[in-house]
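Undergrad: Starting off with a structure, shown below.
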Amino acid sequence: MIAPMEKLVVAGPKRLARELLAELQRVGVVHLDPLEVEELSAYRLSKDEEDQLRRWEAVAASAEHALRLLGHEVTPAKPFTGSLEEAEAAVEPWAHRATVLAKERDQLREELETIDQFQKPVEALAELAHGLDESRWLAVIPFQLEKEEELGAVERALEEALEGRAVVAAEPVAGRLAVVVVVLKRDLEAARSALSRLGIGELRLSGPYAGLSLGQAKAKMAERARLAPEELAGVEDGLRRLAGEATEPLRALWTRARDEVERLATLRQLASGRYGFALFGWVPVKLKVRVEEAMARFKDQVVYAFEPVDAHHEADRVPVTLENPPWVRPFELLISFLNTPKYGHYDPSWVIAVFFPFWFGMIVGDIGYALLFLLLARFLNGYVKRGEPLVIDFFGMTLSPQVLDGVVKILRPMWVWAALWGVAYGEFFGNFLEHLKVFYIPGHEAGGLIPILIPRADTVATANTLILVSIAFGVLQVFHGFYVRARLALAHHHTKHFWEAVGYMGGLFGLILVAYSFLTGASNGFLTALTVAGFVLFFLGIVLSRVWLMLPELATIGGHVLSYIRIYAVGIAGALMANLATDLGFAIAERLGLLGLLVGLVAGLLVHGLILLLTTLGHVLQPIRLVWVEFFTKFGFYEESGRPYRPFKSVRSDAV
């Protein structure tokens with residue numbers, strides 16, 4: 001549910017403003033908004049406060065930069081307790097040492113990359129040049145060609161440009177051709193122009209090798225190839241030692257500096273007079289006791305008041321936070337990145353928490369696959385326990401331990417429902433346990449130990465029932481969505497939306513009864529009366545809401561109900577592919593004897609792995625899509641957005 005909020009107004013002497021903000025930051029539950037009133041002006045930082053803000057920002061930036069150079073994430077820690085001057089004195093040596101060592105490391109890495117890339121070509125070119133690039137009268141142009149066939153074009157171009165006043169020598173090196181052209185110094189520019197017209201660029205070394213002759217570059221590269229790795233190891237060892245010494249102090253300095261910066265910057269949101277200040281914010285009703293405890297420290301020095309929120313007229317301004325039971329809370333993650341519900345509207349978190357894992361289990365419905373999702377959850381939980389982020393280089397993603405904890409909690413009901421439905425379907429990596437006579441289909445000749453309650457792979461026996469169950473979910477959820485829209489419309493006095501929702505419910509009710517009569521052949525006066533009543537309500541909704549597009553849209557709404565068939569369709573497709581993989585393994589085992597047992601097992605596992613790779617994304621997206629699209633659109637979840645609740649708190653605070 002959306003947490004009820006109250007407004008908070010505080011006034012007090014100007015000298016207590018920073019102290020009060022420090023206390024509110026410690027409590028970490030007040031969402032502050034700028035206070036603009038005619039009687040008071042905006043709070044303006046003094047020169048001393050401006051100077052402190054700039055200096056604390058510099059401390060935070062230096063600490064953050066040093067931590068990143070040392071290869072560590074910027075994470076909050078127990079804050080530094082000294083003064084601003086002490087913080088500046090503490091951070092400067094750490095930041096300077098980290099910068100110097102990181103610069104040396106980067107230079108050495110760049111040099112080693114240059115050596116790795118150019119050492120062999122330079123050695124070959126130096127041998128070809130024979131020191132002629134150090135001559136007073138001759139010049140050498142070194143370069144590389146991709147193909148040996150290109151050498152002929154080079155010789156012809158030089159012959160045409162210099163009329164025989166050039167010597168070309170070449171040698172294959174690592175799949176390419178190292179080439180030197182020796183010319184008189186007065187012909188150097190003409191030779192370069194001829195090569196340039198062929199798209200050939202001269203090999204020019206950079207960094208410490210710039211300006212050296214080929215022979216000198218060869219000697220220096222050989223020496224640096226021997227010494228640079230040792231120097232790099234020493235620098236990296238120095239960085240590791242520095243990281244061990246400085247990481248926690250730097251995190252403490254960063255934490256303190258960021259908190260100080262936030263407090264000083266937040267002063268600008270206050271209103272102030274000559275001697276006093278006032279602030280305005282929002283507090284969840286459940287957490288206002290924390291604010292009262294914080295205010296008790298100031299006794300009679302400040303005054304404060306809580307005021308109720310007008311959910312109808314102030315909904316656009318009120319920040320939104322959700323209050324849900326622990327089993328629902330992880331699923332808020334699947335809503336927050338889409339939209340923030342508006343204050344006074346509807347929080348659909350519990351709908352996702354109930355239906356998404358249930359439908360996922362209904363689709364997957366395999367004990368073996370459920371165990372794989374359990375292993376995935378345990379693997380991710382290891383990162384959570386160690387407090388480590390998960391880095392996925394292929395996608396360029398880094399998942400924090402907090403995000404991983406939410407994913408693990410979402411996976412838990414998913415694999416549980418997949419296992420329970422797997423028991424009902426009698427599926428363990430497809431029909432593996434059927435082959436072993438553990439599960440069996442009642443009424444079939446092949447016996448077993450445990451009867452299968454819902455043999456979904458037997459489409460003749462179960463398809464109609466499972467399709468109807470899937471459609472029933474669609475009816476339930478679409479009606480629920482329109483009911484929520486009607487209730488919200490009544491609460492906010494939106495008559496148009498109310499009749500639109502009621503009309504759609506009536507029209508959908510009529511469509512369902514028409515479909516029932518058509519499929520079953522049932523026809524009686526009572527059924528006809530209900531059908532007519534539904535369509536009358538639908539047309540009444542069109543007239544009173546003046547949304548004339550409801551008439552053609554009714555068929556679309558019916559299609560939304562039918563789209564829930566995908567719960568069955570996606571599930572049965574996956575089940576049949578899993579059965580195919582298992583049947584393949586057993587067929588190989590039966591044909592090849594003992595060797596076939598091993599080959600069949602490997603083949604079955606490989607095909608199951610391929611199936612999981614191809615279908616898992618769909619198994620996750622299809623059920624969540626039904627909620628995001630078919631349900632959310634019925635009550636206007638995407639039509640209005642709320643303000644996310646952003647409490648003023650310390651960077652190390654986990655409050656709310």
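In case you wondered, yes, glycine gets a Cβ from its N, Cα and C as well.
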Undergrad: Choose the correct range: of 403-423, 466-486, which one does TrEMBL annotate as transmembrane segment? Give that range.
TA: 466-486
Undergrad: Do any residues of this chain, six or more beyond the ends of the transmembrane segment (525-549), have a C-beta under 8 angstroms from a C-beta of it, and if so which?
TA: 495-511, 513-514, 516-517
Undergrad: Is the transmembrane segment (350-376) packed against any residues at least 6 beyond its ends, judged by a Cβ distance under 8 Å, and which are they?
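TA: Same-chain contacts beyond the flanks: 324, 327-328, 330-331, 334-335, 410-411, 413-425, 427-430, 432, 456, 473, 477, 480, 567, 570-571, 574-575, 578, 608, 612, 619-620, 622-624, 626-627, 631.
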Undergrad: Mind tallying the domain 'V-type ATP synthase subunit I N-terminal' (117-205) by DSSP state, helix then strand then coil?
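TA: Residue counts in helix, strand and coil order: 42 helix, 25 strand, 22 coil.
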